[in-house]
Protein chains: 4
Amino acid sequence: MSNSYGSVFRITTFGESHGAAVGVIVDGCPAGLEITTEEIQQALDRRRPGQSDITTPRKEEDKVTILSGMFEGKTTGTPIAMVVNNKDQHSHDYSHIAQAFRPSHADYTYTTKYGLRDYRGGGRSSARETVARVAAGALAAKLLQHHGITVQAYVSQVGPVKLRKPYHKLDLSQIDSNKVRCPDGKIAARMIGVVEEARDNLDTIGGVVSCVIKGVPAGLGEPVFDKLHAELGKAMLSINAVKGFEYGSGFEGVKLNGSQHNDQFYTDDEGNVRTRTNNSGGIQGGISNGQDIYFNVAFKPVATILQPQTTINDAGEEITLQGKGRHDPCVLPRAVPIVDAMAALVIADFLLRQRVNKL
Amino acid sequence: MSNSYGSVFRITTFGESHGAAVGVIVDGCPAGLEITTEEIQQALDRRRPGQSDITTPRKEEDKVTILSGMFEGKTTGTPIAMVVNNKDQHSHDYSHIAQAFRPSHADYTYTTKYGLRDYRGGGRSSARETVARVAAGALAAKLLQHHGITVQAYVSQVGPVKLRKPYHKLDLSQIDSNKVRCPDGKIAARMIGVVEEARDNLDTIGGVVSCVIKGVPAGLGEPVFDKLHAELGKAMLSINAVKGFEYGSGFEGVKLNGSQHNDQFYTDDEGNVRTRTNNSGGIQGGISNGQDIYFNVAFKPVATILQPQTTINDAGEEITLQGKGRHDPCVLPRAVPIVDAMAALVIADFLLRQRVNKL
Amino acid sequence: MSNSYGSVFRITTFGESHGAAVGVIVDGCPAGLEITTEEIQQALDRRRPGQSDITTPRKEEDKVTILSGMFEGKTTGTPIAMVVNNKDQHSHDYSHIAQAFRPSHADYTYTTKYGLRDYRGGGRSSARETVARVAAGALAAKLLQHHGITVQAYVSQVGPVKLRKPYHKLDLSQIDSNKVRCPDGKIAARMIGVVEEARDNLDTIGGVVSCVIKGVPAGLGEPVFDKLHAELGKAMLSINAVKGFEYGSGFEGVKLNGSQHNDQFYTDDEGNVRTRTNNSGGIQGGISNGQDIYFNVAFKPVATILQPQTTINDAGEEITLQGKGRHDPCVLPRAVPIVDAMAALVIADFLLRQRVNKL
Amino acid sequence: MSNSYGSVFRITTFGESHGAAVGVIVDGCPAGLEITTEEIQQALDRRRPGQSDITTPRKEEDKVTILSGMFEGKTTGTPIAMVVNNKDQHSHDYSHIAQAFRPSHADYTYTTKYGLRDYRGGGRSSARETVARVAAGALAAKLLQHHGITVQAYVSQVGPVKLRKPYHKLDLSQIDSNKVRCPDGKIAARMIGVVEEARDNLDTIGGVVSCVIKGVPAGLGEPVFDKLHAELGKAMLSINAVKGFEYGSGFEGVKLNGSQHNDQFYTDDEGNVRTRTNNSGGIQGGISNGQDIYFNVAFKPVATILQPQTTINDAGEEITLQGKGRHDPCVLPRAVPIVDAMAALVIADFLLRQRVNKL
């Protein structure tokens, strides 16, 4: 039940890290949307391993195939299935982790939950599952583009290095100008240093991805339980390694008085309703108010480290475990397209849900 | 569609602030649970307005009536409907807000979304809707009690005053020992001072509620989209005024290296699998690992202030608006039972969902 | 989970036959629909017990109260809760059925399913639950009326007496002209005779309700699992005592050749696409084609009879049981508004669902 | 939204008749179920085209590949994706139907619904979609086998030839002993004659599939909307060409009096609760009572006939159309495994849903 996300624009993902393939069915994409396989592929290429020396050096092409739901270059309203085959899924040696419960991994919890687990590369708990999300997100982003909505995520913190400028003082066209995906070149250089240091220490480091969504019309999001920010929060927290979510003024805003925090409405020269400040993060009462939506997502350091660690095996015996293979010292750069994808999926879903609220 | 929460233990709420009643249907509570109206009422009494001089002085009894689903003191497996009648719903004068878009309220967004709104006391966007959640949460808490699980929320920050001790160094039996619901008496006194200052300044102030859940067996939560913390996050972010959610090491944890952050497993003297640290917050891969679950929830300052504010009306004209009536200078003390309720609902749902995962 | 129906226009019902109240929450009704309590009440009055001498002589007013979701005579887009209080729920003597498993009732299956049951008047398994459906259906019918769609159910068979004329040869304005709700007066008289005979024999009798839906635009219904007729079928089969559903040519159509059964398309003088025959019952590939939708619903004879019957109690011992009280000898006349309600709910839901299928 | 079925054991299908592939994701199958690709394939082979001279002579192997969710021969609790590649999807000439609205097909309704359609072989509206259902159904059937439950569908009517014996007087092991899948050899021979006659006349013929489910424990099915028979009905009516569903006494039962129709309970020699008759079809109040479940499903004659027919094109102009290619003169023999699959899916889902109803 838990492998689906979305209410109208709804995705269902499948696949294990080292199984035959990972993929997704998108059900509920409106008919008539023009999109090409190349557009999906471009999104996947931003997530692909091996794209720089601060990500995992694994080389995987992650070529996507669309199996259904398209005809003559357009969506037909029927489910769109997309598959990415896994490479070399039989070539690995998992003897060191088959019985181990790796620290801060999902080995123990999956085994407890299901009574067994596919231990190859973390199985379903691997971040490889996000391939499917990025493919579906590219489709959602195309729908948003059709409605003039853009989603732009970027790295705003790596370890202690924090980008303090708010999003509206950044040149977001520069997000992909460096390998850490921080739009400020100077801060980016310092972030890269932090990642390289962690990598060289056989260690890993956490960080924060920030995201801005522009062009969302007022009225999106549902009151009460499916508030726009509640769904954004769930979507972000469903990404591997995420530990926190805040939008608008967030955790800092709790220190303010109401008189400082409130966003006053005014009518601009073109007759549009706007707010003078945007502590609300573009959302009031769970519903978009037409201002920019922005939020932060906290990622913990990657759990797989190349140092020896003490843990236990499935017999409860203490063992020493050392990560091997090619892992990311920091997920942040590759997390950016995943945050983009999940945000696009949330907005696409609410865009369609909003169509039924008036007579 | 958005007025329901939960997958198996599922609630649907209804009611406007100044309509006839607010209430809830709980569908999916297992048969055979013993519970009394008094137990539901006790939970509501913790949320009730007028309980202290730092909350709204409105006097509302909020008496709950159970309409269905109980027989001879036990749940029957059929839907449990609970209703709380609103008092004096016709006695108010709303002329000052009927056409106004109050700053940082949902007046503008509801009007845009639906084309009209019930402006009486905020209508459906009022926090009065949480009466229904607390009633349902009391039922969920009773189910958890049957399984040895406890949920304990408390106020850990008000404005700049922050309780820095972690939950395991606090005496959680003292949560209700003071009117701000902070289990540390000294910090509580300072928090109360901050609330009083805001109140006396005709202003409001934000804060943080922390929550600990003990006794959750390993294996709860669903991988991928419905991760335990993703649902907790959504549930918390669906509460009025919430701006952020973090669990375990949260936003602070992003500064750590993996070697610092990882929680090593060990087997305790009784043969239980445990972790030496708990940066994971009791959840790994979206699934409970048997350790304590803990998280923080950020609340913005209440938007209704008793000072004049500039805003616009529904014709787009600038107006000056001044809050009147009896409002909370700080929602935190009354937010505690709401956080308790939503957390209990999330865990109860996953407790039942877990029953279908093994052969 | 099973007390909700519908995807966008979604109802959740509650209440036991002899509990405090029965009721419904309608979530997803678009904002701006004008409706009065009187319109809901009119639908309930068609279902009310005691309306003629061929239905149960119980006198129940079934007065509906709307608790939420309305403002100044219009729906607001928030959940609409409606409640009907039960009368005299404590005045009955159930000692004769408290331990008995009545033949062809749900006593045994509820007890097995839940481990206990509310035996008062059948509890949740009583057809009294349909009060909630009829109230919600009246709201759906008002939405359909706004779109020019009408739903008209009528009794087409009672026991062996069958109305053989197809719906388009009947004067459907005559449905309520007699107490059995068959629009053909002569057949109605014969049906009434059959019901009276059953009643006088302390027995009951089954029958068929037919239903016609006019004005449905082409394009409603979803392909694959949620076909328009599949949802109509589920909705009808969810009504107490229903044993079968067929639409269009139905079971009789299986004897035909494709060349006889196929409905040829043509363009009428006004340029509308039409079919020369309508064996499809207005639905092709699960989607409405703009022609009239029609279907039949089979109701078994009421299980409660006033004759002695042999059965067992919950200890497995053979007992003799005799129905007492005031029961319907034939549910058909009162089933008509229930079929109307469920059909309206299905169409209203698809009307809203269709809004998301195109770009 | 409409390409998923089931609540806990949930399938989502994809694929067009002449697209790259058809397939399914099964989400919610419990972990630990042993199953092989061969077992899935066997079910598909019963549905495969070209299996006899009374089905379509198209030769398609329909080889299934499992992409995920299995490890070391067992399900892991994660989604199971299965794909069947389509053969030769580019080799056909569709010029004769690209603009035509074929009578009693879904060409017109899909075009109206979505604004465009994949006309190749009927696209998504083709019965080829049921490949996915049969693959998923084989998995469900394996789960049922683990619980001692069997599902057996067979052809009980073709055109006017009807098998009048009830299921308990048939030798159900003989279902696959002839090419029409009727367990009575004599009747089967007459049915085959009817199909051959239709085929030789370039025509098609309808029929009825009956189905028996044995071994279902009492307590399955949910009251109110998701009654066991309501879900069975929906599942059956969602199969292409189905026009009606009845269970137990069905449409015939409406002629009976309650005293004739009621099923008396008794305790058998082994202490089991049983009923002396089974007009209830094993279901009372929407919940299984432990007796055999049985039902009938009406299939209309196949719409594609090899005779010329008058219809219109998408410009509304009258055209003459003649089916070509290799089509089934009668879907009944190949419908049997589809009915089996859908019935297994319904029961598997309720088997899991029942786990949450008691404390």
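Glycine is no exception: its Cβ is also placed from the backbone N, Cα and C atoms.
Annotated features, as they stand in TrEMBL:
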- A:Arg47: NADP(+) binding site (BINDING)
- A:Arg124, A:Ser125, A:Ser126, A:Asn240, A:Ala241, A:Gly285, A:Lys300, A:Pro301, A:Val302, A:Ala303, A:Thr304, A:Arg326: FMN binding site (BINDING)
Go through A:Ala241, A:Val302, our binding-site residues, and report the one whose Cβ sees the most other Cβ atoms within 10 Å.
A:Val302
If you pair up every Cα among A:Arg124, A:Ser125, A:Ser126, A:Asn240, A:Ala241, A:Gly285, A:Lys300, A:Pro301, A:Val302, A:Ala303, A:Thr304, A:Arg326, the residues annotated as binding FMN, what's the maximum separation in angstrom, rounded to an integer?
45
Using a Cβ cut-off of under 8 Å to chain D, which of the binding-site residues A:Arg47, A:Arg124, A:Lys300, A:Thr304 qualify?
A:Arg124
Would you kindly give the Cα-Cα distance separating the residue listed as 'NADP(+) binding site' and A:Ala241 (FMN binding site), rounded to the nearest Å?
15
Count of other CB atoms lying within 10 Å of the CB belonging to A:Lys300 (FMN binding site):
27
Rounded to the nearest Å, what's the C-alpha distance separating A:Thr304 (FMN binding site) and the residue listed as 'NADP(+) binding site'? Just drop the number here, would you?
19
Take the C-alpha atoms of A:Ser126 (FMN binding site) and the residue listed as 'NADP(+) binding site' and report the distance between them in angstrom, rounded.
14
So which of these binding-site residues, A:Arg47, A:Arg124, A:Ser126, A:Ala241, A:Lys300, A:Val302, get their C-beta under 8 angstroms from chain B?
A:Arg124, A:Lys300, A:Val302
Once the chains shown are all counted, how many other Cβ atoms turn up within 10 Å of the Cβ of A:Thr304 (FMN binding site)?
22
Starting from the Cβ of the residue listed as 'NADP(+) binding site', draw a 10 Å sphere and report how many other Cβ atoms land inside it.
24
Counting other Cβ atoms within 10 Å, pick out the least crowded of the binding-site residues A:Arg124, A:Ser126.
A:Ser126
Spatial separation of A:Arg47 (NADP(+) binding site) from A:Arg124 (FMN binding site) - C-alpha basis, Å:
18
